[in-house]
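Data block below; observations after.
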Amino acid sequence: MRILGIDPGLRVTGFGVIDVSGHQLAYVASGVIKTPTADLPTRLGTIYDGVSTLIREHTPDQAAIEKVFVNVNPQSTLLLGQARGAAICGLVSGGLPVAEYTALQLKQAVVGYGRATKEQMQEMVAQLLSLSGRPGTDAADALGMAICHAHGGNTLNTLGGIAPALAKKGLRVRRGRLVG
């Protein structure tokens with residue numbers, strides 16, 4: 001299975017592509033989609049086109065993207081949400097199922113600690129994919145998103161989806177884990 005991970009951003013959107021066979025992960029590609037200094041619609045179009053090109057070039061089977069977090073600056077949050085929307089439109093237009101994960105879920109799945117630093121993410125991604133060096137921060141987050149989906153993402157989604165039924169039994173999902 002091939003997974004495309006996306007770390008959305010208005011100026012720079014990171015991408016990472018990995019192959020998954022059982023528990024084995026293999027690096028395929030990573031990098032960034034940079035938008036020009038232009039009006040918002042042009043930048044969003046660049047993100048959409050970039051994601052569409054990635055799908056044509058790498059033919060992924062699934063995609064994973066980071067959920068938007070609420071920033072202290074509401075304007076920044078809105079712009080990030082629009083960039084994320086452009087990326088999701090590109091993914092869906094390419095026929096991919098799209099999974100969404102929070103930054104906390106991403107870091108927990110890749111590093112084992114939800115408050116991991118950018119450097120810790122870069123190092124762990126490099127180790128998990130046997131890279132000779134650390135990828136850039138945006139590419140590392142995108143590769144991490146793909147790794148999160150490959151390893152624990154499906155479990156996190158399943159637990160989240162059955163949370164109402166678990167609550168009736170006195171159980172709940174906390175930080176991606178089942179607790180009583």
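Quick reminder: no glycine exception, Cβ is built from N, Cα and C everywhere.
Annotation source Swiss-Prot lists Mg(2+) 1 binding site at ASP7, ASP138. The feature active site is assigned by Swiss-Prot to ASP7, GLU66, ASP138, with sequence analysis given as support. What Swiss-Prot lists as Mg(2+) 2 binding site is GLU66.
There are 25 other CB atoms within 10 A of the CB of GLU66 (Mg(2+) 2 binding site), with all protein chains counted. Here the C-alpha separation of ASP7 (Mg(2+) 1 binding site) and the residue listed as 'Mg(2+) 2 binding site' works out to 6 Å. Here the C-alpha separation of ASP138 (Mg(2+) 1 binding site) and GLU66 (Mg(2+) 2 binding site) works out to 11 Å. The Cβ of ASP7 (Mg(2+) 1 binding site) has 26 neighbouring Cβ atoms from other residues within 10 Å, across all protein chains displayed. ASP138 (Mg(2+) 1 binding site) is surrounded by 24 other CB atoms, counting those within 10 A of its CB over all protein chains shown. In the three-state DSSP reading, ASP7 (Mg(2+) 1 binding site) counts as strand.
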